[in-house]
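Enquirer: Provided herewith is a single structure, encoded as structure tokens, for subsequent inquiry.
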Amino acid sequence: MIPKKTKLKSREIEVPGDKSLSHRSVLFAALSKGKSKVTGFLEAEDPLNTMSAFAKLGLKVQKVKPGEYEFESPGKNKLVSPNVDLDFGNAGTGIRLSAGLICGLPGINATLTGDNSLKKRPMGRIIKPLSSMGASIVGLGEKETAPLKIEGKKLKGFRYESPIASAQVKSCLMLAAISSETDLEYSENILSRDHTENMFRFLGNKIEQISPLHFKIKPPYVLNGGEFRVPGDISSAAFFLVLGVLAKEGNLLIKNIGLNPARTGILTALQSMGAKIEIQNKRIECGEPVGDLKTYPSNLKKSNIPESLIPSIIDEIPILSVAGFFAEGGFEIRHAEELRAKESDRIHTMVSNFRELGIEVEEYTDGYSFDGTSKKSSEVWTRLSTVKKIPIQSYMDHRIAMSFLIFKTLSGLDLQIDETSWIETSFPGFEKLLESCINE
């Protein structure tokens, strides 16, 4: 067995605001005529890039204090074409959702771009259905990738059966329909995150729910300014959940975390592995369930992760894989080919880094598997514990960098991560918070 070494201070912590909700708060503020207020906004590069993009379209932005912003929009029909390209940096959510919204605004012409990593990510998944709605959108990069050139126009009603469970595709098409005041009927095979639907309802709109996987929306839409409170991001909390359950001693109470059922797959997965995590103070805020999460040191074991759970843990699979290394019997993830379309090809990234550590990993087109706390992995750990400066490649991916920082903390290995600046895209202050939890 791999020995548990990490001792934690028993303390309360908070993680930054939910990235998905921070993006969406800007988008709905831009659509809604008048003033909107957001508290708990994630002041990380990705959502700030989305905010900057819509400021160029005519959204007035005022920072009240850290994490709190006031927006004023002239209304969707009075937004203006930007005179420069809209740079979304590394924000896949930002560019895909914004593309849908802008496609439905007649007279608005814009080019949406991003960094080198974003320019490699697939955009055909939104270009095809948007084009079927009548949108003028072209991917100027190879294989329909960004930059995206858009000429906004009035779109037509559309019925779409999504071949993938993707909240980004669903939200993109919803925002296109909302901005263009047209109807949308949407269905998917597995339930994806429903933050856009919740915020849409919170503003006073109705959704005709035909089944849990099938819905309709139709105008007129209610688009008045609102006040949004963004809870802590469970994807960010996931790193500290794994830290807490794999520590030798100490408890963490992670406050004010969004507990949307489409996002709590990480809790289901960890608890099925034997993790003891307690939900406290559960409540509803701005249409989203919120609560506090308390961790207890636990002994983990291998657990089968069903295909139906994959959409709700897709961003947490790297840190869940780290937990799997400490689990009796190891770890296996399948049906997760979507990992290859993230900030990096996360299947390749995790496999190559684990192999660099000497861990035997089986790679599949849709996932990977490896032994956990077996004799063989214990031997690997014993050998690595004497090695200095073991290189880890982050591949410009914030979640890979954070996952291996947690791995480094738990294992005591001298891992040298090539670059950690990517963490700023989602979790500013991560390393400082991590250090503050350790009881030396």
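Note that Cβ sites are derived from N, Cα and C of the backbone, with glycine treated the same way.
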Enquirer: Return the residue out of Lys56, Lys143, Lys282, Lys342 that Swiss-Prot annotates for the same 3-phosphoshikimate site as Lys19, Ser20, Arg24, Ser166, Gln168, Asp315.
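Expert: It is Lys342, as the record lists it for that site.
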Enquirer: Roughly how many Å lie between the Cα atoms of Arg121 (phosphoenolpyruvate binding site) and Ser20 (3-phosphoshikimate binding site), rounded to a whole value?
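Expert: Here the two Cα atoms lie 18 Å apart.
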Enquirer: Tell me whether Lys342 (3-phosphoshikimate binding site) sits in a helix, a strand or coil according to DSSP.
Expert: coil
Enquirer: Cα distance, Ser166 (3-phosphoshikimate binding site) to Lys19 (phosphoenolpyruvate binding site), nearest Å?
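Expert: The Cα atom of Lys19 (phosphoenolpyruvate binding site) is 16 Å away from the Cα atom of Ser166 (3-phosphoshikimate binding site).
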Enquirer: So of Arg121, Arg346, Arg399, which of the binding-site residues has the fewest other Cβ atoms within 10 Å around its own Cβ?
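Expert: Ranked by other Cβ atoms within 10 Å, the binding-site residues Arg121, Arg346, Arg399 bottom out at Arg121.
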